[in-house]
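Participant: The structure follows.
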């Protein structure tokens, strides 16, 4: 089957990430989608730069309307941003019968009602997973994963720039202004950071999540928006003394009177998982009547994390276009005729690191013998902890953390150590995972 | 349109939760699905108990095959569990052309290949979101949310019983045996807890996630399985001294040689979010090339959390059956003609709690005046922190945490406090959310 043909409007950070990931993972994506997905046309004002990214096999134009007018293009990806020309182009693409994928939260939070109505009338999809919390599939969770529930509230760290600033203010006791400058230098904040630091970007995202959670139209104009520009370091310190962290949250809550929709700095109990989301990471908590509280965490911005969401939308549309609708999503994610024959490894071939606890005689030379066995097996040591022998005790505990090694080698070293007469009990071995 | 008719095989904990949530949230679920979803038939050996749960309007039988044979039933929900009769009934339901929803991880981890092939051949869906991590939509995230990615590894706390036991052992310094007895008394562990504490349940779930993540068939027999029965409290303490927590993780990882698939106790750096998942909660980390690390957190078991996943699958199937395929999932989750007109509230009507910081004169009576104003406004105080005035300072900081009140009242109280001559600077007000 001919690949699905995608046209990109704009090839900046997210556009180039989308192009790159689609190319790099094309084999796996095709196995999941049941059909190839290819960027075949790009519109960007900077044609030379665009060509340097996509190479000679992709048509590059400076006029987005040429992409929309191309009958071979199945899906238009709008990555221009803002309310202006982007709105016009999205509406024109819908009118031309194209599906649209967009990362444009501002556009949908303000003009969503008009755009979704146009798409519904024309029978095309406007997909926007990338508009909220970057690569975290939160739109899918709210729209499909939690459909059983009456959602009661949601609260999210949905702007990485402000969360980075707040984390740095707390960690290093710096002022807002100092951290903002640092964030700009690191590329975590834009030259004009107003939309981020004043809470507008978070409010766009909260507006979209609120509409999906509660079944109300998007109403950005009703959102309460307060940023972090007036936050002082001393409040972060006082909050900490009281057991809280300060986070910029986007909150929407169902009450008897109506829907609360608000973005503002917030004290959150330090023991909540979301209070420990640091740096530029995002997280969304959803509280619903059947499932209770769930939380979704990941990178909320950046080239490839956002591209991950754009491409998930492309796969969703492709699966609808091509697969038997009753097998729209394959049972095991990949199409049944596209399963891999990669073997599941025996445990002896697994590579990991280890925690070892040895009950040893409290005498000279024990540590040397044990570490000698590990060294002979090429297992390097990360840390050693030796409990002092208690009064009158003739034994003690020796704890060793190792670096990565293959399990077979560790098994052999363990057998050798166990044979030492100075090792007085069966050795405890627990595997260690850094998960980083 | 006639509601989708669902038949339950088994109405124990998850079955009764499914029945209850479908009934309680029927209006919202219909607005999302575009069509009603009703349990119209139940099979359970204990007919009397089943009737006491579902009432007179639902047909109750003691023979599951009568549900499968009923031509009015669109979807069969298998909640019997185990590999035995459940397997036979699922295959018969598929053969009868019914879609199947199941929470049966054991069945799918062991016989998934045969079952999915039968479903594929017959053109029906076998949906199993409830089989892994209860109400957390992790199957959907892996199968649809992360389709852009080459997944590198996943690691999950996917058994609540063992995580509860490990949390208690660490918190209270108790032994495994003591905590197990307590967990059984609290209903967190079953009378025969073997499948949980030996890691088998976690391995079933890890097997399913591994297949979806890497596009390999389900191969439970290749999984390495080690439980927590031999863990000693002292190892939890030593690990803590080294900066780690011990968790039972289900891990699957792609390596050049093949797929690692293993369940065992694991040291995890204490600073990782997943190390702080306590009690019976579940969480799954996924590391993938484009999106980086994402994490999904929530209740992994229990009646309504698991029902949440069962019903999400019912809605997925219903949306496919009825909606225009190109609008399978409505843009804003609810069908366009079923939006709510709940108002977005003005901020003055929002109810929340507050952190206040007042720069006050260091003199008697200030606290009385400030708290008097709050009392007059019916705003009750949760905590007060007063910084000691420094040497030679004539002012100090007064920090107040309040309980919930409506924002309008707080605005008025703030205006009054601001007028006090002993309040020397603009008052800082930050809202507080407990998120519990």
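In case you wondered, yes, glycine gets a Cβ from its N, Cα and C as well.
Small disclaimer: the values here were computed from a predicted structure and weren't measured.
This is the feature table in TrEMBL:
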- B:205: active site, proton donor (ACT_SITE)
- B:9, B:10, B:11, B:12, B:13, B:14, B:15, B:16: NADP(+) binding site (BINDING)
- B:105: NADPH binding site (BINDING)
- B:190: L-homoserine binding site (BINDING)
- B:355-432: domain 'ACT' (DOMAIN)
Participant: If I take the alpha carbons of residue B:190 (L-homoserine binding site) and residue B:14 (NADP(+) binding site), what is the distance between them in whole Å?
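Facilitator: Rounded to a whole number, the Cα-Cα distance is 15 Å.
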Participant: Where does residue B:9 (NADP(+) binding site) sit in the DSSP three-state scheme?
Facilitator: strand
Participant: Between the Cα atoms of residue B:12 (NADP(+) binding site) and residue B:105 (NADPH binding site), find the distance and write it as a whole number of Å.
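Facilitator: Just about 16 Å between their Cα atoms.
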Participant: Counting Cβ neighbours within 10 Å across all chains shown, tell me which of the binding-site residues B:10, B:12, B:15 comes out on top.
Facilitator: B:15
Participant: Taking each of B:9, B:15, B:205 in turn, which of these recorded positions have a Cα lying within 10 angstroms of the Cα of the residue listed as 'NADPH binding site'?
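Facilitator: Final answer, ordered: B:205.
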Participant: Are there residues of the same chain, six or more positions away from residue B:13 (NADP(+) binding site), whose CB falls under 8 angstroms from its CB, and which are they?
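Facilitator: When sequence neighbours closer than 6 are ignored, residue B:13 (NADP(+) binding site) has B:302, B:303, B:306 within Cβ distance under 8 Å.
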Participant: Cβ distance under 8 Å to residue B:205 (active site, proton donor), same chain, sequence separation 6 or more: which residues?
Facilitator: B:105, B:109, B:131, B:132, B:133, B:156, B:158, B:159, B:250
Participant: Does anything in the same chain, at least 6 positions from residue B:11 (NADP(+) binding site), have a Cβ under 8 Å from its Cβ, and if so what?
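Facilitator: Within the chain, residue B:11 (NADP(+) binding site) has Cβ neighbours under 8 Å at B:19, B:42, B:44, B:49, B:50, B:53, B:54, B:79.
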Participant: Is it possible to get the count of other C-beta atoms within 10 angstroms of the C-beta of residue B:14 (NADP(+) binding site)?
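Facilitator: Other Cβ atoms found within 10 Å: 25.
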Participant: Please determine which of the binding-site residues listed here (B:9, B:16, B:105, B:190) has the lowest count of neighbouring CB atoms within 10 Å.
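Facilitator: Looking at the binding-site residues B:9, B:16, B:105, B:190, the Cβ with the fewest others within 10 Å is that of B:190.
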Participant: When you average the Cβ positions of B:9, B:10, B:11, B:12, B:13, B:14, B:15, B:16 for the NADP(+) site, which other residues in that chain have a Cβ within 8 Å of that mean position?
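Facilitator: These residues sit around the NADP(+) site: B:8, B:17, B:18, B:44, B:79.
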